[in-house]
Ligand SMILES: NC(=O)CC[C@H](N)C(=O)O
């Protein structure tokens, strides 16, 4: 591992000095922290982290190395990576190479050996902000000047960077129950697999697909994935989603797909002070009162009244799930004449990395699709 010095400067001028970790060079982005004790490979490869520099609050990172199975996509998407204490040697039967080597191969600039607890507390107090990490510019004022030139996450339209260029099909496993179009706003590889495991034939399509193009696949329902950036900028997918709801097609959305659902229904989204990122966030299902431990990665959220339904042109929308830490909206349900027609969650039922408590939501979508086909 390199012992070259690296510098980290926050947009408010706070400075941390550490060691180069991963690639050498310079990088910028929005600094966010993840509290997951495990799952760094999934975090690094989650397309929703486009534009962000991720700090792991767990101090010892890299223990299980890098394997060929746990990636959520074909590459690392984070803009930079911050750890306290990198494991010098991976130890796991699936490990193919050390994390540091993989970061270097993919050109991801990181920093280690800094007080990640102090940095996390700073972000919790002041809110997320832009950051720069460099092994080249070791003068804080010079790096700060560059940090201040970077774009903000509010207003960032990043879906075009991560979406698939072409349509592809993930065939249904077992007997086919229905056809789904999954709009890729930054989809993770295991999400279509989870849908296919419920007997759904999944057509994954680029983010800019129009309603007419999407209907050519004759879907029984539509799915919108997770994705990076500010949901307010995704005006194209939002208007497609309004057409989907207008046509009465069942809908399921995850994370960004929850935020776009909210916006399609006329609700607002807003930026959280420091977001939710980790794999042990408690969420209550307000219908059953059951608590789920869930995986989160979101910096924006939907604004909706918790205690009453909001009537919209498409039906009545209610908040189905709420985060027990801070009452943030974590799920929405749209009913027409009492029947569930569309729903979404702000968290990650695909559970990569993370607990499987919320896996039932994929079953729920398959059931809504089957009910729609019978009607
Ligand atoms: N994982 C996601 O889909 C993230 C959605 C959005 N970019 C946010 O930060 O809130």
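Backbone N, Cα and C atoms are what each Cβ position is placed from, and that goes for glycine too.
A coil conformation is recorded for residue 255 (active site, nucleophile) in the three-state DSSP classification, outside any helix or strand. If you take the C-beta of residue 255 (active site, nucleophile) and look for same-chain residues 6 or more apart in sequence within under 8 angstroms, you find 48, 225, 226, 227, 297, 298, 345, 346, 347, 348. The active site, nucleophile annotation in TrEMBL covers 255.
Residue 348 (active site) falls outside any helix or strand according to DSSP and counts as coil. Residues or ranges marked as active site by TrEMBL: 348 (among others).
Annotated active site per TrEMBL: 350 (among others), in sequence order. Neighbour count (other Cβ atoms within 10 Å of the Cβ, all protein chains): 27 for residue 350 (active site).
Annotation source TrEMBL lists L-glutamine binding site at 48, 227, 229, 256, 259, 297, 299, 300. Long-range Cβ proximity for residue 259 (L-glutamine binding site), meaning a same-chain Cβ under 8 A and a gap of 6 or more residues, is found for 231, 269, 298, 300, 301, 302, 346.
Among the features that TrEMBL reports, domain 'Carbamoyl-phosphate synthase small subunit N-terminal' is placed at 4-134. Within the model, the domain 'Carbamoyl-phosphate synthase small subunit N-terminal' (4-134) shows a mean pLDDT value of 97, rounded to a whole number.
What TrEMBL records for 1-176 is region 'CPSase'.
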DSSP says residue 48 (L-glutamine binding site), in three-state terms, is helix
Count up the helix, strand and coil residues in the domain 'Carbamoyl-phosphate synthase small subunit N-terminal' (4-134) according to DSSP, in that order. 26 helix, 48 strand, 57 coil
Other than 48, 227, 229, 256, 259, 297, 299, 300, which residues of the same chain sit close to L-glutamine? List them in sequence order, counting a residue when its Cβ is within 8 Å of the Cβ centroid of the site. 186, 226, 228, 230, 231, 255, 298
Mind running the recorded positions 227, 300, 348, 350 against ligand 1 and keeping the ones whose CB falls under 6 Å of it? 227, 300
Its Cβ having more other Cβ atoms within 10 Å than any other among the binding-site residues 227, 299, the winner is 227
Which residues in the same chain, at least 6 apart in sequence, have a Cβ under 8 Å from the Cβ of residue 229 (L-glutamine binding site)? 50, 51, 153, 156, 157, 158, 159, 256
